[in-house]
Amino acid sequence: MDWIISDELGLTVGHVVGWGAAGAMIIGGIAPYIPQYRQIKRTQDAEGFSLYVCLALLIANTLRILFWFGKRYELPLLIQSIVMNITMFIMIHLCVTVRKKNQIIRARERIFTGAIFMLYILLCCVNGSAQPDETARWLDQRTDVSGSEKPRRFYDMDRKYFWAWTDFQSYVDCMLVFSVFGAAVTYLLIEFSPFVELIGFLAVFTEAMLGAPQIAKNLQNKSTEGMSLSMVVMWTCGDIFKTAYFVIREAPTQFWVCGGLQVALDIVILFQVWLYRHNTAAARRTRRGD
């Protein structure tokens with residue numbers, strides 16, 4: 001039986017522990033990115049951190065928010081998703097700013113105009129006046145930049161520039177398109193239970209795979225230089241706590257199964273830290289000019 005702390009409020013140890021766990025779920029999700037943010041800010045080098053980690057978390061948490069409307073789960077998990085999306089946009093803003101500063105030769109602008117393009121096409125279809133030439137001219141006006149070079153446009157279908165844009169607004173626009181499209185489909189199929197369950201699975205599976213881009217980045221560099229070890233350690237501790245929380249609180253099955261997968265990927269990254277320790281040390285000495 002819970003100990004009564006306050007007869008007047010009916011506050012018990014169970015309540016305090018529950019609130020503490022809920023607060024840890026909300027704040028604990030963003031805590032691992034604080035050391036990574038500080039490291040990028042201090043070194044002015046964002047090359048060791050994969051922005052696809054941010055993409056995975058933005059998609060996962062947006063899907064989790066949509067899942068809440070179809071199958072209500074605990075409110076702290078919903079709040080965590082909103083807070084995490086804000087955190088990821090802060091990380092993206094920092095990385096884009098740092099990469100622009102580090103450009104020795106000004107590179108060609110690459111921006112996402114999918115949101116503008118879709119909006120214009122929609123308006124043209126509604127008005128029955130969609131003209132390809134007019135569309136192209138209108139987009140050129142909206143995406144023009146100073147100088148003689150035109151920006152690289154998303155509707156050129158050049159996939160290698162996806163999620164590698166040179167301005168922060170492009171990332172916001174991309175997620176806006178995804179969110180609006182996802183919300184529209186969810187609204188139409190909200191009564192179809194298999195679809196709702198699929199959203200829940202995709203949400204937690206995408207989040208579980210967020211370590212995969214960082215693993216690929218480390219493999220490509222043969223080093224973990226630029227990646228915060230503190231971030232990965234906190235990832236691991238947080239994911240273990242989160243998975244246990246899912247099991248204890250009897251969250252939907254998708255949550256705790258994919259939580260276990262996420263812990264496994266964290267362990268792989270920690271193994272990479274050990275495997276590439278000599279390369280990482282050499283890269284640090286080179287950066288310091290030793």
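The backbone N, Cα and C atoms fix where each Cβ goes, glycine too.
What TrEMBL records for 16-37 (among others) is transmembrane segment.
Look at TrEMBL and you will find 49-69 (among others) tagged as transmembrane segment.
What TrEMBL records for 75-98 (among others) is transmembrane segment.
What TrEMBL records for 110-130 (among others) is transmembrane segment.
Sequence-distant contacts of the transmembrane segment (175-205) (same chain, at least 6 residues past either end, Cβ-Cβ under 8 Å): 58-64, 66-67, 69-71, 85, 114-115, 118, 252, 254-255, 257-259, 261. For 175-205 (among others), the entry in TrEMBL reads transmembrane segment.
With a cut-off of 8 Å between Cβ atoms, the residues of this chain six or more beyond the transmembrane segment (226-248) that come close are 21, 24-25, 28-29, 31-33, 35-36, 39, 43, 45-49, 211, 214, 217-218, 255-256, 259-260, 262-263, 266-267, 269-270, 273. The feature transmembrane segment is assigned by TrEMBL to 226-248 (among others).
Annotation source TrEMBL lists transmembrane segment at 254-276 (among others).
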_Are there residues at least six beyond either end of the transmembrane segment (75-98) with Cβ under 8 Å to its Cβ atoms? List them, or say none._
22-23, 25-27, 29-30, 33, 36-37, 40-41, 44-46, 49, 51, 54, 57-58, 61-62, 64-65, 68, 165-168, 171-172, 175, 251
